[in-house]
Structures are given as C-alpha cells and as structure tokens.
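Q: Encoded as structure tokens, here's the structure I'll be asking about.
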Amino acid sequence: MRQSHQLSLVGLLLFSLIPSQLCEICEVSEKNDINPLLNTMINSKYTRGTSAANVLLSLKLVGIQNQILRQKMVKEIKHIVKMGVSDLSSGELALIILALGACRSPEETLIYDYHLIDELENKFQAEIKNMETHNDNPLTNYYQLSLDVLALCLFNGNYSTAEVVKRFNPENKNYYFGSQFSVDTGAMAVLALTCVNRSLTNGQVKADGGDLTKISNYTKSLVEKILCKKKRNGLIGNTFSTGEAMQALFVSSDYYNETEWNCRETLNAVLMEISRGAFNIPIAAAQVLPALLGKTYLDVNKDSSCVSGSGNFNISIPEPITVTPPESQPHISVNYSVRINETYSANVTVPHGSVFLAVMEKAQKINHTIFCFTMEESSWGPYITSVQGLWASNNDRTYWELLSGGKPLSQGAGSYVVHNGENLEVRWSTY
Ligand code: CBY
C-alpha cells in the first residue's frame, strides 16, 4: 500500500474514534473551573447538619483529600449523631449515612456504633405509615424517600422491594409540585431505583421478576420526564437540579438514546452557571460537584471511585470578604405582597443588595399583624413556615411560595437578591 494511502487510513481511523470519545468524556477538563465550588464549601462559616453531610459526601466522591475540610465536616456530623438522631428527618439521616459510609474511611464505624441503619429503617417505615394515614403524603417528600431507599440499598439495610414498587410509580403525585415534575426528585428516585435494580439483578435481594420489570419501566419513564425538562441552554430543570439530573442520566444510559442527551452541552451550561457565581452556598456547590467529575451517589461503595487522584486541586486561601459600611449603601424600594385569598401589599425600602428575607423583615416591622412570619433553618437557608399565623403543612401539601413578578423563584428567601422596583410576593399555595 502506498504511504499516502496508509496515512489516510490512519487518519480515517483516528477520525472515527473522535466522536465516540467526545461522547464518553463528559467531565471538567480544566480543574480550575471547579475551584469556586471548593471555595464555597471551604469558606462557609455555617456548614451545618445536612449541609455538612452533603459536603462530605461530595468531597469523598470526587477524591478531594483536604483533611482540614473533611475533618471539619466529620466533626459536625459526629456532633449531630451523638446528640441523637431522633430529631432528624429520614432524608437527613440517609445523607449522613451516605457521607459517613462513603469510601471506607474511619468514620464509617459511627454508622454501626450508633445503629444508624436500624434508625433509618424505622424512619422510612414512619414515612410509609404517614402516607397510609394522610392521603398518600409522606412525612417529608419523595426526594427524601428516594435518599432513604438509596442509603438502605447501598448499605444493606432492610426495605421491601414490593413497597418500593408500590410507591415509586412515576405517575405518583409526590413527583410533582403543582403540575410541574420535580427534576431533583425524579433524579434521586432514578438513583435509588437503579441501586434496587442492581441488587435484584445480582441476586443480593430476592424478588419476583415482575418487580424487576416494573422497576425498569419506572426508571425509563422517569428518565423520559427528566429529559423533557432539558432547556435550550443545556440545563435540566433549573441550575440547582442539573447536577443531580446528570447523575441520574449517567447511571441510566440503557434507557435513552445517545442522541437524546448531549452531556457536554449540559456540562458547559453548568460551568457557565459556576462562573456566574450561582452555586454560592455550600449545599448547592456540594450537590453539583460529583456530576462534574463523572461521579454519582451510586459510587459510594466503589473503592476505586474515591481515590481518583483529584487530590491536588488548587484550593486557594479564602479571600477576605469586603463589607461595605451600611451608611454608604444606596437604598432600593420594592413592592411586597402577602397573598392568601386577599392580597396585602406594602412598599418596602431596603439597602441595595438585600435578599428577599430582608424585605419580609422590614415589612414585618412596618405592620406586624399583616406581615409577621416564622421561618426554619434548612440546608438551603431559611424556609418560610408561616405568614400571618398560617402554617405550611406537609400533610396538606401547603406551603408559602416565593414569587417575583408573578413567577416562582428558584432560590429561597435567604439567597434571592431583590431589585429596585420589583414586585415580590409570598403566596399561600398547594403543591
Ligand atoms: N431535601 C429536601 O427535602 C428538599 C427536596 C426538594 C425537592 C429540593 C428543592 C431539592 C434538593 N436538591 O434539595 C424540595 N425543594 C422540596 C421537597 C420542596 C417542598 C418542601 C416541603 C416538603 N414536602 O418537604 C416544597 C414546599 C414544594 C418546596 N420545596 C418549596 C420551595 C420554596 C420555598 C419557599 C419557602 N416557603 O421558604 C422555593 C423557594 C420555591 C418557591 N418559589 O417558592 C424552593 N422550594 C426552592 C427554590 C428550592 C430550590 C432551592 C434552590 C436554591 N438555590 O435555594 C431546590 C434545590 C429545593 C431545595 N427547593 Co424546594 C429545587 C430547585 O430549584 N432545583 C433533603 C434534605 C435532607 O436536605
């Protein structure tokens, strides 16, 4: 064969390899891109409770060996476990188990010393019991029930496959908030169902063939629903659900066609959001990180995944936060309303750069009867539990929805920065 022919054959061969390689490699190549996420996790003063579990899980999965940060999170989790886990919700405990148990590290023993698997089995039972007595509504939500099944499945806890089949049908209302399919919830359910499917397939857990078929069908349908939520820019659901949607799609590639999802496009959209500073609270950074390095929560008991040599990330020293003295801050004014059946409104002036919560506090000062509210600290920041004495309830699927210009916000009251002239609202809603 002439040399030029040989060369062109080699060229052809290389060319034919490129597309398939491009499809498979969907991980950040420039490690600096994820530094803002690491800095958020490091610099945060308050990485409490579930947030600490999320951060530890994430660091372990991607193989970040920063001992100071890891020890800080382990200490926080240890403290919670020692105080007693009865006040934790089922999903909070499931996350703690995942974080402690990931990657065979010394803190794994806490799971067994404190019988955390038994505790989770009980909490999962309590969720099911509540569904039986309260019109199919769990104590918490299906995102947490999925975390429960995932942790029980990965750490050999007891759960009934029949119960999983009964509860996790994709048409179940608990996957929806209002008419909207919750991508976060669907993604977590796909991870849980994939774990159950794998246990059934390799004989670890016994079940009849019908259950396996149903679990496969559910997974397929959930994956379809997730892919339907893909936006033009590549995000799936919104900024904060995309990382978990990616994890779900990584483990379920048998259920969709290569042409249905361009992982690179989604990855680039997330990188864009990182550069915009969107993941500026520890839990948001922790939830998106594993997917960016091709990891999923199903890798927690895979030895190989946790020592991925990603140890030498360039983690920079925290930059001092510059605080502008309050006097020099210009003020902005917004319209704030509380809507139950009637709408109660007020014009509220707050310093430039204030968050939604500051508006609510200011309004409360103006008129306590109309604008009084209560909140609870959650891993995502303050969650508004009541306004005007009217309380949100999981049993009734009621909550206080936050809106701007009539559109629901994708951030909570402690994170959303308000703008001059904006029409903000808290609305009594059902989901
Ligand atoms: N985590 C949980 O239990 C929460 C699960 C979750 C699906 C979660 C989103 C996803 C996640 N990754 O953690 C979730 N939200 C739920 C279940 C709920 C419901 C809570 C009640 C229940 N049954 O447990 C409910 C009421 C439907 C809900 N979320 C309300 C809200 C609004 C809160 C307003 C308030 N009263 O304070 C709000 C602000 C939406 C709105 N416009 O009113 C909201 N949620 C948002 C924005 C979010 C996202 C937070 C993003 C951010 N940067 O702050 C979210 C990530 C999350 C937390 N909710 Co909910 C979804 C998203 O945008 N992708 C497990 C536990 C162990 O940690």
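Every residue gets a Cβ built from N, Cα and C, even glycine.
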Q: Of Cys153, Cys228, which cysteine does TrEMBL list as the disulfide partner of Cys195?
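A: Disulfide mapping in TrEMBL sends Cys195 to Cys153.
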Q: Tell me, from Cys23, Cys26, which cysteine TrEMBL puts in a disulphide with Cys263.
A: Cys26
Q: If you check the recorded positions Cys26, Tyr142, Cys153 one by one, which have a CB less than 6 Å away from any atom of ligand 1?
A: none
Q: List only the single closest residue to Gln144 (cyanocob(III)alamin binding site), chosen from the disulfide-bonded residues Cys26, Cys103, Cys195 by CA-CA distance.
A: Cys195
Q: Tell me which of the disulfide-bonded residues Cys26, Cys103, Cys153, Cys195, Cys263 sits in the most Cβ-dense spot, judged by other Cβ atoms within 10 Å.
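A: Answer by Cβ density within 10 Å: Cys153.
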Q: Using DSSP, break the domain 'Transcobalamin-like C-terminal' (353-429) down into helix, strand and coil residues and give each count.
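A: In the domain 'Transcobalamin-like C-terminal' (353-429), the DSSP-based counts are 15 helix, 34 strand, 28 coil.
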Q: For the domain 'Transcobalamin-like C-terminal' (353-429), would you mind checking the mean pLDDT of the predicted model?
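A: PLDDT averaged over the stretch: 97.
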